[in-house]
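Undergrad: If you scroll down you'll find the structure; I have some questions about it.
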Amino acid sequence: MRSPETFLVRRASSSGAIKNLATVSSSLLPAFGTTIDEGYLQLRKYIIAPYDRRYRWWQTFLVVLVIYSAWASPFELAFRKVAHGAGSLMPVDLIVDGFFAFDIILTFFVAYLDKSTYLLVDNPRKIARRYLTKLWFPLDVASTLPFNLIYRLFTGHMNTGEVFGFLNLLRLWRLRRVSQLFSRLEKDTRFSYFWTRYCKLISVTLFAVHSAGCFLFWMAYNYKVKENTWIGKQMNNFKDRSIWLNYTYSIYWSITTLTTVGYGDLHAENTGEKVFNIFFMLFNIGLTAYLIGNMTNLVVHSATQTFAIRDAINQILRYTSKNRLPEHFKEQMLAHMQLKFRTKELQHEEVLQDLPKAIRSGIAEHLFKRTVGKTYLFKGVSDDLIAQLVCEMKAEYFPPKVDIIMQNEVSTDFYILVSGSLDLVTYKDGGEQFLSKLGPADIAGDIGVIFNVPQPFTVRSRRLSQVIRISHQHFKQLVQPHVDDGRTIISNFVQHFRSLKEELVEEIPYITELVVSIHLAQYS
């Protein structure tokens, strides 16, 4: 047995570089307690991995041939001229059968996944034993054998009996490959789930229409009194007419019956056709329910977010109207709600909450460490403390003209601006006064958090802004064990405070006294 580790991803080249993680197989999960031998990652010679890119392309090519078989098998049963006359499809059938015969041989060299250990088995004897003991092998062989050609080789003449037409229907066993392809595409994030599912439903419908039309024409063709058939009433000597004209009539009847239109121009004439119509219409009930159910599910799924946005907006409108809130509050609430839905896929916590802590820490460092390191407060601080801080930070988006921090509110968090722009505003003499503008890598709310006092300013977003925040509690818990880093942070804050504009310092005279006392304590 071999570990499936090297076959979890599609390879870009022989060098083994990972190209796309969207093709990861969800079935290759090692069982608990399973020991994976890292020294044997290569399969045996001449053994093919089931997730090898070249083998997958081969399987996709066979699906194209399956589509031909699904069309040709019922068609050759209904229209004998195509199966045995001039312009016969037999040469094409033999070529297609040859490809599937080669695939049967190839299957004896394809490793398989052991469901008990979730390891790839590359032992040729075990691969052969598993394939030969499964139902797949006899059905693969039966669907590939050219029975008509074999009969001709043994008897010396061609048999046009109905039995060979029904034996050719064994080729429909190959349709399982199409089902497997659609199942794989539905899990592949590189393809739209909606259009993949839609193509699957269309394929099922077309196959049902084609098969029903061919079977009903076969019944009319083999009925004793041709005039007492569904097509004989409309077209005399239909046996001598063009194959494609008869096929058009058959498909027309099948579609009008499937869609329950039933114009009445083509209808069952004898008992056999009526019995077939009964079962076909019962089948149509199930097929229609399946199609409508799936299409409804796809449409509703694609519109789920739209419905959620509309419901959230309606709730906000009802709330603001009932409580008679000012217009600017309503605008801020609506802007925040819309931004929340637009950036849903970018929400840091929602994406990472189910991941292991080590992965979350690595991602947080990659996203935020550079920005945190640029802030004045953490210059000269150890990488260890910064790594711990970024792991506790949360990313948020704010639309324009939204108050992120309110003046005199209790200090709970401070914010580091990643992108966008913020305004510092204070309320004085009954009006607002603009104090300063903050840009990327600037900090808001730091004064309130460091001194544990109410926030001295209102912080408002000037335009769409992304910030990362950390709570007062987490900040102090992480800094407390790092004494030297704590001193560096206080020193950075004191130097930054001295560089503030005079109009800012004048608004917080009590903070000036605290800064002076801290500075004296540092050098005492």
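Including glycine, each Cβ sits where the backbone N, Cα and C put it.
In case it helps, TrEMBL gives these features for our protein:
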| type | residues | note |
| --- | --- | --- |
| TRANSMEM | 55-74 | transmembrane segment |
| TRANSMEM | 94-114 | transmembrane segment |
| TRANSMEM | 135-154 | transmembrane segment |
| TRANSMEM | 201-223 | transmembrane segment |
| TRANSMEM | 244-263 | transmembrane segment |
| TRANSMEM | 275-293 | transmembrane segment |
| DOMAIN | 377-496 | domain 'Cyclic nucleotide-binding' |
Undergrad: Which range out of 55-74, 94-114, 135-154, 201-223, 275-293 gives the transmembrane segment (244-263) the most CB pairs under 8 Å?
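TA: Going through each listed stretch, the top one turns out to be 201-223.
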Undergrad: Tell me the residue counts in helix, strand and coil for the domain 'Cyclic nucleotide-binding' (377-496), as DSSP assigns them.
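TA: Here the numbers are 39 helix, 43 strand, 38 coil.
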Undergrad: Can you tell me which of 55-74, 94-114, 135-154 gets the most C-beta pairs within less than 8 Å of the transmembrane segment (201-223)?
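TA: Between the candidates 55-74, 94-114, 135-154, the best contact partner of the transmembrane segment (201-223) is 55-74.
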Undergrad: Below 8 angstroms Cβ to Cβ, which residues of this chain, lying six or more residues outside the transmembrane segment (94-114), approach it?
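TA: 1-2, 4, 27-28, 43, 46-50, 55, 58, 61-62, 65, 68-69, 120-122, 124, 127-128, 130-131, 137, 140-141, 143-146, 149, 174.
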Undergrad: Give residue numbers and ranges for long-range contacts of the transmembrane segment (135-154): same chain, 6 or more residues beyond its ends, CB-CB under 8 A.
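TA: That would be 83, 90, 93-94, 97, 100-101, 103-104, 107, 164, 167-168, 170-174.
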